[in-house]
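What Swiss-Prot says about this one:
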BINDING   Gly583, Ser584, Ser585, Gly586, Ser587, Gly588, Lys589, Ser590  ATP binding site
DOMAIN    227-516  domain 'ABC transmembrane type-1'
TOPO_DOM  1-24  topological domain 'Lumenal'
TOPO_DOM  46-75  topological domain 'Cytoplasmic'
TOPO_DOM  97-101  topological domain 'Lumenal'
TOPO_DOM  123-129  topological domain 'Cytoplasmic'
TOPO_DOM  151-167  topological domain 'Lumenal'
TOPO_DOM  189-226  topological domain 'Cytoplasmic'
TOPO_DOM  248-264  topological domain 'Lumenal'
TOPO_DOM  286-341  topological domain 'Cytoplasmic'
TOPO_DOM  365-371  topological domain 'Lumenal'
TOPO_DOM  391-461  topological domain 'Cytoplasmic'
TOPO_DOM  483-489  topological domain 'Lumenal'
TOPO_DOM  511-801  topological domain 'Cytoplasmic'
TRANSMEM  25-45  transmembrane segment
TRANSMEM  76-96  transmembrane segment
TRANSMEM  102-122  transmembrane segment
TRANSMEM  130-150  transmembrane segment
TRANSMEM  168-188  transmembrane segment
TRANSMEM  227-247  transmembrane segment
TRANSMEM  265-285  transmembrane segment
TRANSMEM  342-364  transmembrane segment
TRANSMEM  372-390  transmembrane segment
TRANSMEM  462-482  transmembrane segment
TRANSMEM  490-510  transmembrane segment
Amino acid sequence: MGFSPFLDECRAEGLWPIGPSCNKIISFGVYTFFIVVNFIVLCIPNSNSANNNYRRMTDDDASSTSKLTISKILSICTIFAVICQSIFYFCFTFYFHPYTHLLLAFCVSKLFFWILSLCSFSKWRNQPSTPISLAFAFSAALLIHCIPLTDWKKYFEPTSKNRGDLTFYIIELALVTVVFFFTIVTGLFNFSGCSSRESAWNNLSKKVVTVAPYIWPTKSISLQLRVVFCLFLLIIGRLINVSLPILSKWIVDELATPDTFQYSLLFLATFLKFLQGNGAMGGFLNTVRTYLWIPIQQYTTRELEVELFKHLHSLSLRWHLSRKTGQVLRVMDRGTSSVNNILNYILFNVVPTIADIVIAVIFFFSAFNAYFGLIVFGTMALYLTVTISITEWRTQYIREANEKDNATSAIATDSLINYETVKYYGNEEFEVNRFKNAIESYQVTEWKTQASLAFLNCLQNAIIGIGMIGGSVFVVYMIVHEKTLTVGDYVLFTTYLLQLYTPLNFFGTIYRVIQKAFVDMENMFDLMNDEVEVKDLPHALPYTDPRGTISVKNLTFEYNTGLPVIKNISFEIGNGQTVALVGSSGSGKSTLIRLLFRLFESTEGSIEFDGIDVRNYTMHSLRQQIGIVPQDTVLFNDTIMYNIRFGRPDASDEEVIEAAKAAMIHEKITSLPEGYATMVGERGLKLSGGEKQRVAIARTILKKPQFIFLDEATSALDTPTERAIQKCLEKLCKSRTGVVVAHRLSTVVNADLILVLDKGIILERGNHKELLAQQGTYASMWEAQIAEQRAKSIELGEELP
């Protein structure tokens, strides 16, 4: 008694040759082994069994992996479906088949295997990768499900009582393949040291939700109709793909009886081929679809680029100071094009290809028999698994190549922008070598991507070749020996498979392009997800009818935590008054100007305009009331007219000219060959420093703001021009509130209030006479500048003003 009947049944069946019963013995052994392994692993606490990759993860990665991804949810659902299928199979088997101990052991072990697998998977769902025990368990499960294929003729005999077994087998094979794909392919490569971020498919649902508004043209009904019609053309294309091989079979079979040959079949096949073209290219349907899709693609690009550009302008000055412009533009360019690539390839290549595969499997199962369906299904499953697995592994090289490409672009951009500096120090060779080293570093990573691509192509061709040979041999066998198929069926099979494999040959390339696009899009999302530091509050109101008062109360600001640049500053400015900020470099003068303009948010304290905190005003309305001339004036690479009019884009030419006259640059402009149409060059490099600042002053005058902020606005001017512009600025600020940052104290002697800053605090305050009387820091600075100016005047033989 005991195990004797079971052992007797196993001895009777034997392990060779492999057959349905032998499969049960092997499966029972494999299932039992992994039941023990999974049970032991299931009893191990999480803290002791977490792999090194998981321990090395950052907090951000850990929080991201704690969420259930789509692949994990699908894996759990599929494993649960396998459990349900096993229960149904258990009931079916003991209802239609005679009871044996071996059959009972097989069914029970399989059921417990999948139940423990589900428990193990649920326990380790927060890991970035599949636990090794589950990886081997699911791999073994997939292998033992392939054992019956070695004796397919006996096992799948259509007339035998195994018809029900065949149905359950096909369902379970499909489910196990899905489980293997989602648990092994999407997680196994993390064991090689890749973080969970390495997969471009991570956070796929979040990416889709973010991009969806730019894909569906919500603003245009006509574009929506174009999308619907393009989808309709895709459906027509799938029907044609099924019809053409069938027509080929009919034509070949009709040729066996030439007297009754129907030429209409030939004409119909030719017409359908004209509509279909060469796979995904060249056909009439694809030409029409491409024509219809162009405006949709342009809509997506336009909406996404505009939104991203708008977002970049909404980010704080702190963000822009910490980024390289060339790198940002490169990410923006690749990211926007990647969205169109993803949309085109998924909608017009991936979805149709998968649909064709599903239709082909169903067609061969129904029109031929299960053998043909399994050949197509097995080849497709193996091809897709290998393609996706190796491509996922290649993602790390693609991402690394992108980073090095960004770095190369940033080096080139910075070097060309600073062309003049490079020439000053004779560092052309140094810059060329730096650029060369960046390219060489990029090409090392590029070689890895190309070499791994060649390896993948080799495997893909091998899989497709094996599938074609196996299918063709089987068709010939059915024609020659079984006499159940005709020559037309051979033509149908080969035509259909060649038609199916043609787009599949490009599937690997398409998948790689899509994955690279996801990586590019991921970098773009990093930009789009950067938090806007300075933004309008929900209840912010427009700043209208300004009275011109500013109140700074206990203001503190720090760029880096714990290192304040401005420390507890307080002062008030009345309407029409001018406050001057003086002090040594790095004392916080320019930072205070930026805080008043709300380029940064204060760390502590408040800034009030007309008694209301600036955070209660909308930024646009507040900044419209402020005119600022920065210390380092940067102009657009456009005309002088454009740069001055930038202060108020709706200003007329006459108003622009009046502003230029007020800034004392009109005569200089008119002396140029092209006058106001003169191009100023990149960053305004064609103009001198003084000319650039006068252009900046002109556009500030044109803006007609209530508040004037001057950040050493006359520092680059010669003495006569400085005196003339100073009078102009004094006149401009007479009825307006002004804040002036000055290095030359002679330019602020008439200020209503002078604040002497040092290391972010106010050392002294008062007007010019009061500060001189204090005999403090300001008086020392004044005496030093007077002595310096007197020495220069004596040297040049000029009279001291």
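Here the Cβ of each residue, glycine as well, is placed from N, Cα and C on the backbone.
Feature annotations (Swiss-Prot) mapped to structure.
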residue : record           : CB count, 10 Å
Gly583  : ATP binding site : 24
Ser584  : ATP binding site : 13
Ser585  : ATP binding site : 7
Gly586  : ATP binding site : 13
Ser587  : ATP binding site : 21
Gly588  : ATP binding site : 22
Lys589  : ATP binding site : 24
Ser590  : ATP binding site : 18
Counting only pairs 6 or more apart in sequence, are there at least 3 Cβ pairs under 8 Å between the transmembrane segment (227-247) and the transmembrane segment (462-482)?
-> no
Using Cβ atoms only, state whether the transmembrane segment (372-390) and the transmembrane segment (490-510) have three or more pairs under 8 Å that are 6 or more apart in sequence.
-> yes
Ser587 (ATP binding site) - helix vs strand vs coil (DSSP) | coil
For ATP, residues beyond Gly583, Ser584, Ser585, Gly586, Ser587, Gly588, Lys589, Ser590 with C-beta within 8 angstroms of the site's Cβ centre include exactly Leu757, Asp758
Decide whether the stretches the transmembrane segment (490-510) and the transmembrane segment (342-364) have at least 3 CB pairs under 8 angstroms, with pairs required to be 6 or more apart in sequence.
-> yes
Which residue counts does DSSP give the topological domain 'Lumenal' (248-264) for helix, strand and coil?
-> 13 helix, 0 strand, 4 coil
Under 8 Å Cβ-Cβ from the topological domain 'Lumenal' (483-489), and at least six residues away from its ends along the same chain, one finds 248-253, 256, 368, 475
Which sequence positions outside the topological domain 'Lumenal' (248-264), separated from its termini by at least 6 residues, show Cβ-Cβ distances below 8 Å to it?
-> 486-489, 491-492, 495
Do you know the mean pLDDT across the topological domain 'Lumenal' (151-167)?
-> 55
The correct DSSP tally for the topological domain 'Cytoplasmic' (286-341) reads 51 helix, 0 strand, 5 coil
